[in-house]
Amino acid sequence: MMQKLNDVRDRLIVALDVPTVWDAYRLVSTLGDGVTFYKIGYRLAFAGGLDLARQLVAEGKKVFLDLKLHDIGNTVTEGVDSLTKLGVTFLTVHAYPQTMRGAVEGRGDAALKLLAVTALTSYDDGDLRDAGYGLAVRDLVRLRAEQARTAGIDGIVCSAAETEIVREVIGPDMLIVTPGIRPSGSAAGDQKRTLTPAEAIRVGADHLVVGRPIIRAADPRAAAGAVMDEIVAAS
Ligand SMILES: O=c1ccn([C@@H]2O[C@H](COP(=O)(O)O)[C@@H](O)[C@H]2O)c(=O)[nH]1
């Protein structure tokens, strides 16, 4: 059985979607000990974020590398093998069967947990149709969750709105990580499938990813504290 993270603070993952490593450090220092888990995505990864990932790990933080890898199986295998050396906790790949099998092979025995991105939380059924898919979001998420479990992936990225159907498919041990979290009253921005922190915890999400509602808040530390209070109260 997979060991799930058990410090309640680890349930909140703050997306470091800032332009520079310097901005990221400033944010990490502002947020302090209340935030233990950070996500590095495209913006920072392409601006020195991989070295930052190593550094944050050395300082005792957990890091989620949200690179959403997708390529031919062999290239994914080799890329994931390189990333196992960083010491990060999570890495995303797109939930295509070849990609997921390649990622599992590249991860080998390393501690890195692989998460499969099912359907981006900025997509609704119309966006999937535009992209050439014949399935509604919920059906695609269900199918990809089944394929992820078969491939040996450790967790699923989906909207918290799909947590219950995903849990039915993957069982109790795999992780469910949910972006598209919006505290009530905060702007959705480009996110289309959103839930509040309390709702996401109540339906069974393991980790909530929050970016703009915290990092663009006038007081990011207070915003993160409010999300954490909701998580604790709903847990
Ligand atoms: O389906 C997905 C997969 C990843 N993300 C990432 O999560 C954060 C969300 O940031 P917000 O500012 O809270 O919207 C962002 O880094 C995305 O790249 C996602 O939103 N949806």
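Here the Cβ of each residue, glycine as well, is placed from N, Cα and C on the backbone.
Curation plays no part in TrEMBL annotations; they are all automatic predictions.
The active site, for OMPdecase activity feature in TrEMBL is assigned to Asp66, Lys68, Asp71. Among the features that TrEMBL reports, active site, proton donor is placed at Lys68. What TrEMBL records for Asp17, Lys39, 66-75, Thr121, Arg182, Gln191, 211-212 is substrate binding site. Marked as domain 'Orotidine 5'-phosphate decarboxylase' by TrEMBL: 11-227.
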(request) Measure from the CA atom of Asp71 (active site, for OMPdecase activity) to the CA atom of Thr121 (substrate binding site) and give the result in Å, rounded to a whole number. (result) 21
(message) Please list the recorded positions from His70, Asp71, Thr121, Gly211 whose Cβ falls under 6 Å of any atom in ligand 1.
(response) Thr121, Gly211
(request) Across the whole of the domain 'Orotidine 5'-phosphate decarboxylase' (11-227), what does the mean pLDDT come to? Round it, please. (result) 98
(request) For His70 (substrate binding site), write down the residues of its own chain that are at least 6 apart in sequence and whose Cβ falls under 8 Å from its Cβ; none is a fine answer. (result) Val76, Val93, His94, Tyr96, Thr99
(request) Determine, from DSSP, whether Gly73 (substrate binding site) sits in helix, strand or coil. (result) helix
(request) Out of Asp66, Lys68, Asp71, point to the one nearest Asp17 (substrate binding site) in space (Cα versus Cα); all of them are active-site residues in the record. (result) Asp66
(message) So if I measure Cβ to Cβ from Leu67 (substrate binding site) and keep only same-chain residues at least 6 apart in sequence, which ones fall under 8 Å?
(response) Gly41, Tyr42, Ala45, Leu83, Leu91, Thr92
(message) Rounded to a whole angstrom, what is the C-alpha distance between Asp71 (active site, for OMPdecase activity) and Gly211 (substrate binding site)?
(response) 27
(request) Please report how many Å separate the Cα atom of Gly211 (substrate binding site) from that of Lys68 (active site, for OMPdecase activity), as a whole number. (result) 17
(request) Just jot down the residues in the same chain as Asp66 (active site, for OMPdecase activity), at least 6 apart in sequence, with C-beta under 8 A of its C-beta; none if empty. (result) Ala15, Lys39, Ile40, Gly41, Tyr42, Phe90, Thr92
(request) Would you mind pulling the DSSP three-state label for Gly211 (substrate binding site)? (result) coil
